[in-house]
Protein chains: 2
Amino acid sequence: MPQFLTTTQADFEMAFTALLGMKREDSPEVDADVAAIIAYVRARGDQAVIDLTARFDRLQLSPETLAFSPDEMAAEVAKVGAEDRAALELAAERIRAYHLRQMPMAEESWTGPHGETLGWRWTPVSAAGLYVPGGTASYPSSVLMNAIPAKVAGVERLVIACPTPDGALNPLVLLAAHLAGVDTVYRIGGAQAIAALAYGTDTIEPVDKITGPGNAWVAAAKRRVFGKVGIDMIAGPSEILVIADGQTDPDWVALDLLSQAEHDVSAQAILITPDEGFARAVGAAVERRLETLDRREIASASWAEFGAIIVTRDLAEAAALSNRIAPEHLELCVADPDALSARITHAGAIFLGHWTPEAIGDYVGGPNHVLPTARSARFSSGLSVMDFLKRTTLAKMTPAALAAIGPAAERLAQSESLGAHGLSVRARLDRLNG
Amino acid sequence: MPQFLTTTQADFEMAFTALLGMKREDSPEVDADVAAIIAYVRARGDQAVIDLTARFDRLQLSPETLAFSPDEMAAEVAKVGAEDRAALELAAERIRAYHLRQMPMAEESWTGPHGETLGWRWTPVSAAGLYVPGGTASYPSSVLMNAIPAKVAGVERLVIACPTPDGALNPLVLLAAHLAGVDTVYRIGGAQAIAALAYGTDTIEPVDKITGPGNAWVAAAKRRVFGKVGIDMIAGPSEILVIADGQTDPDWVALDLLSQAEHDVSAQAILITPDEGFARAVGAAVERRLETLDRREIASASWAEFGAIIVTRDLAEAAALSNRIAPEHLELCVADPDALSARITHAGAIFLGHWTPEAIGDYVGGPNHVLPTARSARFSSGLSVMDFLKRTTLAKMTPAALAAIGPAAERLAQSESLGAHGLSVRARLDRLNG
């Protein structure tokens with residue numbers, strides 16, 4: 001059974017703090033293994049990748065078969081039925097439209113008080129690699145969510161690394177790659193794929209940025225190559241927080257909670273409501289739905305171990321608790337979701353009103369479903385075009401501007417004992433004065 | 001002597017690739033030590049921080065003296081002379097004005113094709129911690145460059161950790177903290193300071209984001225706490241690339257190169273020019289200036305080991321080489337710097353024209369001087385207000401919108417075998433159809 005708390009109970013603060021601090025994921029200690037894998041790939045390149053793929057994925061590759069050929073891609077894509085294809089196309093179109101709105105002005109510049117020009121320019125990352133997990137966690141929707149922002153940003157070369165254990169893969173993943181404009185899909189995974197993307201091999205050109213979710217090995221490898229390449233974030237298990245005023249069908253809210261719980265035994269689903277009767281009704285609805293859910297074993301384990309129902313005095317208190325949780329997904333199943341939304345300071349994504357189940361956001365809403373987990377919405381954002389852009393700042397002084405602000409720069413350089421800094425300004429000032 | 005290359009020499013590509021791959025920093029293997037320090041701080045809190053500060057900084061603190069008191073701050077700030085203060089105030093004002101322009105619209109929303117509302121909202125990080133190195137690398141300008149974007153973004157609580165080995169510190173650092181609106185300055189440094197900021201102690205409240213440069217221990221600690229808190233980047237030694245057409249005073253360019261070389265023996269200064277005579281004149285000017293420079297030992301070592309002069313066929317070739325380097329600082333000392341700037345795809349900051357020595361950007365230009373090093377301008381940007389903001393995506397479906405796009409979401413959920421996802425949409429669709 002999940003925890004059932006009320007904010008009026010004497011030990012609520014203690015219980016809530018414990019809920020906040022709950023460690024949901026025991027990452028295995030893979031760092032030493034990952035370091036060895038990265039070193040092996042850097043030393044032996046293709047051969048290391050092929051060797052490790054044979055060992056971990058039971059798949060014998062050659063440099064020629066590391067990537068799917070265009071013919072292989074086409075053959076796999078042809079396996080996808082019309083209805084799945086239409087659904088994926090609708091998702092791609094809506095995700096593209098949303099992310100196009102995120103594009104900043106390519107360049108901004110203005111003139112400062114002394115005639116100097118200041119500004120900045122945005123440019124895309126040249127090459128990006130998307131990691132796509134294999135097996136049951138191989139989601140075509142994640143391919144769209146990672147690849148489309150990259151293409152919208154203007155990334156020229158976009159590749160995917162997706163392991164195919166025993167050669168198996170989901171053709172929808174390849175269709176999603178195709179729809180999103182991915183150039184190459186490599187049949188490789190794990191830390192070896194991350195190392196190959198970061199450092200390159202004879203066959204695999206290195207990229208500048210790596211995004212996408214993965215297991216503990218992938219996460220540890222991304223942490224290690226960070227700096228050599230950019231990475232998006234270290235993803236943790238998924239979470240949902242539903243704030244409800246009690247005027248929604250309890251069954252809807254139960255399904256929304258379960259749609260996160262079914263992801264992973266480490267996922268977390270929390271309901272906060274001021275209506276205790278509704279809270280109990282949702283709890284009962286979850287139990288009923290669990291009986292018939294396909295993924296009931298996973299969802300039950302997640303709900304029992306990490307689920308929680310919290311009864312508050314009012315919705316304002318619910319919003320305050322939500323801000324302490326900083327949830328990845330926040331559903332506001334209330335009569336006036338906009339008013340409540342205005343009170344939310346930390347959340348990855350907000351789903352407003354009774355007609356916006358979180359699952360809409362996973363697929364076709366438009367916003368990205370790669371979102372900050374494990375309370376990291378306190379300091380980070382979901383994936384966006386910004387992850388595939390970088391800004392170059394611009395400054396152009398005139399002689400008058402240098403005359404006006406140069407002496408202050410010279411002074412500060414001296415105070416920091418950086419002589420050449422000061423002299424580089426002084427030499428120019430002397431010319432102006434001479 | 002620095003390398004002298006010409007793009008027409010037979011082995012240029014090999015030599016240039018070697019230059020690109022040059023490892024300038026041998027980070028000591030401190031990761032195990034850092035892990036132990038973080039674990040110690042998490043277990044013992046204040047006591048661990050006090051103990052480690054006594055050991056590494058030879059300074060005996062108590063929980064009451066971990067932070068400077070307002071009186072201590074005021075006493076230190078009063079030591080700063082009027083001219084230094086005026087220079088710092090000018091810098092603060094210009095940095096603030098520049099970063100104010102970076103603020104995105106707080107919220108954007110629009111109506112989709114089926115009446116649904118989509119959008120996002122930017123909110124500030126609640127609390128940030130700035131690491132400021134102690135000793136000779138304790139730069140008041142860096143305090144401004146880190147703290148002002150945080151305050152402009154709206155960060156509520158802003159603290160500094162700055163070690164004061166043997167109790168010594170630069171009063172200008174405290175003045176910069178004061179001018180930027182920093183709330184608290186802690187006399188602590190190293191991995192223990194990063195651990196205390198990330199996890200908190202009885203005295204030190206945890207923050208959500210940590211920025212600022214530091215030594216190998218600080219860098220390793222930031223890498224380890226990344227995820228628990230946000231971090232900015234792992235900073236490496238500084239770099240400058242000057243592209244010159246030969247129409248600048250060679251002495252100016254020499255000083256610009258030296259203004260990076262004097263930072264650190266691992267810094268790198270490179271000149272690219274199509275004018276071989278000018279190239280040699282700059283080389284000679286560097287040697288002359290090195291004779292009298294205060295920091296000549298550092299600058300000579302950097303210039304000899306990592307410096308380079310490259311003669312190209314033309315400016316277009318210079319721009320192409322620059323894009324492969326992706327320099328932190330790029331000076332365009334040419335007659336038409338705007339035209340050349342348009343060819344630059346990867347650079348942290350560009351300084352345009354003869355009157356914009358890079359040192360202006362270090363202090364008073366306005367743009368941030370915390371910039372991507374070690375070729376990371378390929379995928380990352382300088383510090384900005386965006387580092388202290390995060391975006392929450394918003395989606396609100398109407399019944400009509402759910403009816404239009406819900407079936408595609410349900411279909412994709414089924415294809416990913418996520419039953420509850422599909423049911424959460426289906427339950428609502430059934431109500432609409434019922």
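Glycine too: its Cβ is placed from the backbone N, Cα and C atoms.
Not measured: the values here are computed from a predicted model.
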From candidates A:S238, A:S381, A:S384, TrEMBL puts in the same substrate site as A:Q260, A:H263, A:H329, A:D362, A:E416, A:H421 the residue A:S238
Check: min Cα-Cα distance from A:N215 (NAD(+) binding site) over recorded positions A:Q260, A:H263, A:E328, A:D362, A:H421 goes to A:H263
For A:Y131 (NAD(+) binding site), the nonlocal same-chain Cβ neighbours (under 8 Å, six or more residues apart) come out as A:I160, A:A161, A:C162, A:G189, A:A193, A:I194, A:L197, A:I210, A:T211, A:G212, A:P213, A:G214, A:V218, A:K222
Here the recorded positions A:Q192, A:N215, A:E328, A:H421 meeting chain B with a Cβ under 8 Å reduce to A:H421
Here the 10 Å Cβ neighbour count for A:Q192 (NAD(+) binding site) comes out at 28
Long-range Cβ list for A:E328 (active site, proton acceptor), cut-off under 8 Å, min separation 6+ in sequence, same chain only, gives A:S238, A:E239, A:I240, A:A347, A:G348, A:A349, A:L371, A:P372, A:T373, A:A377
Cα of A:H421 (substrate binding site) to Cα of A:Q192 (NAD(+) binding site), in Å and rounded, measures 44
Apart from the site residues A:Y131, A:Q192, A:N215, the 8 Å Cβ neighbourhood of the NAD(+) centroid comprises A:P133, A:A161, A:P163, A:G189, A:G190, A:A191, A:A193, A:I194, A:G214, A:W217, A:V218, A:A221
Across A:D362, A:E416, listed as binding-site residues, the smallest other-CB tally within 10 A is for A:E416
Ranked by how many other Cβ atoms lie within 10 Å of their Cβ, the binding-site residues A:H329, A:H421 are led by A:H421
